[in-house]
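Here the structure comes first, spelled out in structure tokens, and everything after it is commentary.
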């Protein structure tokens, strides 16, 4: 009986881990109080009596962003902790990308969320790489969707003849983002010999990459 109980505990634990995501809300809503100084695993709620209809509306995607930069993209977030307090505790976030011709969202991951991307305008080549190293990639046009599984490296590239626009929904309030160049941008820097050996580069090449991707002061 004890052995059976132990097996059931292990199975239950694995199921719990497999289904883990943002916690379910315990109220009808919890509009984020962006002025609060309280630090919790999430955002403090405004009093329900002070919640307004505008807290649940979002108009941040109306304008196109400036894509005049080396990557040719502009990001507009719709996050509970930035500009959409009505999303607090609901377990998802939004993002809009504008792409100049050839615009690229470089390889990156979201450690706390999967992402569904929808093409509003243009043609965008998207893809992700699984933990076995297999690439899943395709080109999308207006009205098409694609999903990036949680935590896997993925990218987006405008392959159309002009401007492109996508909107993403991520199933985490604070999905996080980490670019594939993070090991070269780390502060303090990762030891050059570690990166040189890991990527089979010369020390000088590693130092050049660390300089290139060093965060702006």
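Glycine is no exception: its Cβ is also placed from the backbone N, Cα and C atoms.
Per TrEMBL, Mn(2+) binding site is recorded for 108, 110, 115, 154. The oxalate binding site annotation in TrEMBL covers 110, 115. Annotation comment: TrEMBL describes 30-45 as disulfide bond. The domain 'Cupin type-1' annotation in TrEMBL covers 59-207. TrEMBL lists 1-20 with the feature signal peptide.
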Looking only at the domain 'Cupin type-1' (59-207), how are its residues distributed among DSSP helix, strand and coil?
20 helix, 59 strand, 70 coil
Would you mind reading off the Cα separation of residue 154 (Mn(2+) binding site) from residue 30 (disulfide bond), to the nearest angstrom?
32
Within the domain 'Cupin type-1' (59-207) only, compute the mean pLDDT.
96
Using a 10 Å cut-off on CB atoms, tell me which of the binding-site residues 108, 110, 154 is the least crowded.
108
Other residues near the Mn(2+) site, CB within 8 A of the CB centroid of 108, 110, 115, 154?
109, 113, 128, 148, 152, 153, 170, 175, 177
Residue 115 (Mn(2+) binding site) to residue 30 (disulfide bond): how many Å between their Cα atoms?
23
CB contacts for residue 30 (disulfide bond) [other CB atoms within 10 A, all chains]:
22
Where residue 30 (disulfide bond) and residue 110 (Mn(2+) binding site) are concerned, what is their Cα separation in Å, rounded?
24
Within 10 Å of the Cβ of residue 45 (disulfide bond), how many other Cβ atoms can you find? Include all protein chains, please.
21
Rounded distance in angstrom between the Cα atoms of residue 45 (disulfide bond) and residue 108 (Mn(2+) binding site):
31
